[in-house]
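Here Swiss-Prot flags 1-49 as signal peptide. As annotated by Swiss-Prot, disulfide bond applies to Cys55-Cys358, Cys268-Cys273, Cys412-Cys472, Cys493-Cys501. Look at Swiss-Prot and you will find Asn133, Asn310, Asn367, Asn497, Asn645, Asn651, Asn692, Asn766, Asn832, Asn930, Asn989 tagged as N-linked glycosylation site. Under the heading active site, nucleophile, Swiss-Prot lists Asp196, citing similarity to another entry as support.
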Amino acid sequence: MGAYARASGVCARGCLDSAGPWTMSRALRPPLPPLCFFLLLLAAAGARAGGYETCPTVQPNMLNVHLLPHTHDDVGWLKTVDQYFYGIKNDIQHAGVQYILDSVISALLADPTRRFIYVEIAFFSRWWHQQTNATQEVVRDLVRQGRLEFANGGWVMNDEAATHYGAIVDQMTLGLRFLEDTFGNDGRPRVAWHIDPFGHSREQASLFAQMGFDGFFFGRLDYQDKWVRMQKLEMEQVWRASTSLKPPTADLFTGVLPNGYNPPRNLCWDVLCVDQPLVEDPRSPEYNAKELVDYFLNVATAQGRYYRTNHTVMTMGSDFQYENANMWFKNLDKLIRLVNAQQAKGSSVHVLYSTPACYLWELNKANLTWSVKHDDFFPYADGPHQFWTGYFSSRPALKRYERLSYNFLQVCNQLEALVGLAANVGPYGSGDSAPLNEAMAVLQHHDAVSGTSRQHVANDYARQLAAGWGPCEVLLSNALARLRGFKDHFTFCQQLNISICPLSQTAARFQVIVYNPLGRKVNWMVRLPVSEGVFVVKDPNGRTVPSDVVIFPSSDSQAHPPELLFSASLPALGFSTYSVAQVPRWKPQARAPQPIPRRSWSPALTIENEHIRATFDPDTGLLMEIMNMNQQLLLPVRQTFFWYNASIGDNESDQASGAYIFRPNQQKPLPVSRWAQIHLVKTPLVQEVHQNFSAWCSQVVRLYPGQRHLELEWSVGPIPVGDTWGKEVISRFDTPLETKGRFYTDSNGREILERRRDYRPTWKLNQTEPVAGNYYPVNTRIYITDGNMQLTVLTDRSQGGSSLRDGSLELMVHRRLLKDDGRGVSEPLMENGSGAWVRGRHLVLLDTAQAAAAGHRLLAEQEVLAPQVVLAPGGGAAYNLGAPPRTQFSGLRRDLPPSVHLLTLASWGPEMVLLRLEHQFAVGEDSGRNLSAPVTLNLRDLFSTFTITRLQETTLVANQLREAASRLKWTTNTGPTPHQTPYQLDPANITLEPMEIRTFLASVQWKEVDG
């Protein structure tokens, strides 16, 4: 997403072998020399030393201005990924990434002093595979010389608010692996580079540090925060990004770029800009060299005052710039020469081509003591009424599809690793996890899962995910056939959330295979739409298990099919097969819902199991009380739906609510309804209260046996806007808890941060938007507590949330807006015009503050990696001859401890797998069960289908061996950091500290799958 650059029409292409000369797209453009011409002119390539040895020379007693030529190439925004790459639909935005890379390489070859940085590997890898071998060698030399430098190196520049940490790690691993495979250590980025995301999370910084980055630069931060930092000279500092990991494990040097990511005003020399080129001929009436040089010196000097060293940076580029790189570099060449010539006249400014890594290297050599930051950079505002907190909730359906796809990708990865080649080549065809892996990586882009692209681009993101599911379904089918010992016609019912599954709805008998991707046993309630009748369900051992067929009320005009319910017991990292058969009877035994009339004299309505009771107000139909019966905790809780009237920019500010910006017209939201029509469903397997608030808003409050949480399944949409009011819909929980203005949210699904209403930890806040300015990203959970009781709400996707008054907690579930917010999309968030109907769920936990983490940590793990249901008609042919059919399987020989999460199990190549194990509790989170204590594992015989023959530990993204990895060291004002303990690796003795993730590459030998 761009700050300034908007486009109109450029096209260029270079020679490939004998493909011909460069073609001109504009009559006045000078011809760019073809790449093949430079093959004879390359300087002899010397081996690039690991790190910073190729950086340019600076002047120690001058202000060194590091020019950073770069382009920011959104992986989808106003155009789709393919449209951006190929330069299609330039009437929407002029941008063609393939031409940018062609042009940059030619321009770099024209002058050995020039440098350039590139970021988005989704684009670069595509361009790379279209090049000749000769061009690839040219590029390798440029990388080796440090003149083409990769920053960040992920598949995309991911969003930091709406992304789950597991998906962040995956997309960074994908991009960095491409660089490692293509360029070796020469291509490894030293610097993380997030110049456009709209706020920055603490967990993102922690992950970057664990990935091995030396530093981190970003462009956007709150306008009040930036002003304070400039005055205090804290535009650069060390970010201590974890309260559990021992420093400097999660410490990351962090710098705020002075101009966002754009050039200084009047110094943009791209075809997309209108600034005047530098004219140095004094005979020309357009001569401006002296004026521009003086202007540059003033800008550099003024900018340097806000930074602590004699070094400062200028980002020379912006959105999709450098399609005519010669235009940029020709003017920069002149600028460098003319500015440095002023040194003979007493100037103390030295300007040079540089890179983020080389700038960071100079800061490190300055050997200063730096301040430390402990919180994060949310929420972000670029003006008094312009809080970028709307995108936390924009496009909720796409956000959910992304989270479901992450779940499915992990299942796909795990079975590929457990089965080996038989998963890729089998009776169902060629299975492949790569398409979904790449699609998921694209979805992490800061205009994708954020919901801030145009509608046709959001549709294309969904298309990419759907295309990735297909090859993974083939892979799963091959793997299940191999592990079960026979093949069948497997069916993946992707619309179970709306009770659609043709096989279960038409077949008199079928099989249900349920795969559990967690490293511990799970009991899971299976719900399948069926025809009316009675069904018998049998477990893997042929024993009948309790089941129910329930008819549910419908909140719309469409009939809701009956649903079959049964509880499946699932082994760790494995599956169980259940057989379902319809039993003919004269009278169906389906249980129908009971409508509950609204009578003031009616007794309170309750649903309960052995752990929890929920009570509903008979007058309003609303939830009014939750009781934890194990702890004897009783909390009045009133939950219902409200909506904020979205600003259209017609009051004290012209800022409207839009895809990015949340700005309600008033602080007090309006109720969707003050009461709900309710129906009650009670069976031995489920108890539900169905609440209908309006034609477009309903909810089911649900309890299963043994469940320690309350499930609230909400359905919202299409949001009506016929009254010309845009609406931003929230689910709000009101309690009497005395929370003292504090509430707590997760950071990308991992560590928890305290939030305080109308407060920022590092500056005195002038709060100008009391609602939007208190919203924070909620990736998996939000909670409030009075120190004794804690109410926690878990989400099934990323949402915005807050506590706007003591004891209250709210989450934004959907938004539909009539105005654009002026941040570049130029399209209101209408969701296909008619609006989207969205279903989701919140999981509610009530516990003591001391015991709450044990509940929400394990439940959040299960919500993100839920079991995968696969159906088959049964009666398939034997496949793995010599092995008896198998109805149950576990990929582990023993369950992982509850505090350990199997974050990644994926194929890494022939006879090698990638393994990540994570301690999912923070220091001091759970004293009762000691779940925050270090845990030691034996990996030697942990897996059942393969033996680990060799184990190597790596950094988080598997591009450096841990024993060889080192990062730049920084001195902080908090004193020295502890010395790192000597590194040792014993596969039989792997210890995980709280919040630690350990990553391994394991050489494996697969075993014959038998019974």
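Heads up, the Cβ atoms here are built off N, Cα and C, so glycines get one too.
Quick caveat, the model's predicted, so the values are computed rather than measured.
Every protein chain considered, the tally of other Cβ atoms within 10 Å of the Cβ of Cys472 (disulfide bond) stands at 25. Residue pair Asn133 (N-linked glycosylation site) / Asn651 (N-linked glycosylation site) shows a Cα separation of 60 Å. Looking at Cys55 (disulfide bond) and Asn930 (N-linked glycosylation site), their Cα atoms lie 49 Å from each other. Candidate glycosylation sites: Asn133, Asn310, Asn989. Fewest other C-beta atoms within 10 angstroms, Asn133. On a Cα basis, Asn310 (N-linked glycosylation site) lies 12 Å away from Asn367 (N-linked glycosylation site). Between the C-alpha atoms of Asn692 (N-linked glycosylation site) and Cys273 (disulfide bond), the distance comes to 54 Å. According to DSSP, Asn645 (N-linked glycosylation site) sits within a strand segment.
Of the listed disulfide-bonded residues, namely Cys273, Cys358, Cys501, the sparsest Cβ surroundings within 10 Å are found at Cys273.
Around Cys493 (disulfide bond), the same-chain residues at least 6 positions away in sequence with a Cβ under 8 Å from its Cβ are Ile500, Cys501, Pro502, Leu503, Ser504, Leu528, Val869, Leu871. Other Cβ atoms within 10 Å of the Cβ of Asn367 (N-linked glycosylation site), summed over all protein chains shown, number 10. Counting other CB atoms no more than 10 Å from each candidate's CB, the glycosylation sites Asn497, Asn651, Asn692, Asn832, Asn930 peak at Asn692. Note: Cys268 (disulfide bond) has non-local neighbours Asn262, Asp275, Ser318, i.e. same-chain residues 6+ apart with C-beta under 8 A of its own C-beta.
Asn651 (N-linked glycosylation site) and Asn645 (N-linked glycosylation site) have their C-alpha atoms 13 Å apart, to the nearest angstrom. Within 10 Å of the C-beta of Asp196 (active site, nucleophile) there are 24 other C-beta atoms, taking all protein chains into account. Within 10 Å of the C-beta of Cys412 (disulfide bond) we count 30 further C-beta atoms, all protein chains included. Here the Cβ of Asn645 (N-linked glycosylation site) has 17 other Cβ atoms within 10 Å, regardless of which shown protein chain they belong to. Listed recorded positions near Cys472 (disulfide bond): none (candidates Asn310, Cys358, Asn497, Asn645, Asn832, Asn930; Cα-Cα distance within 10 Å). Nearest in space to Cys273 (disulfide bond), taking C-alpha to C-alpha distance over the recorded positions Cys412, Asn766, Asn832, Asn930, Asn989, is Asn832. You'll find the Cα of Asn645 (N-linked glycosylation site) roughly 20 Å from the Cα of Asn832 (N-linked glycosylation site).
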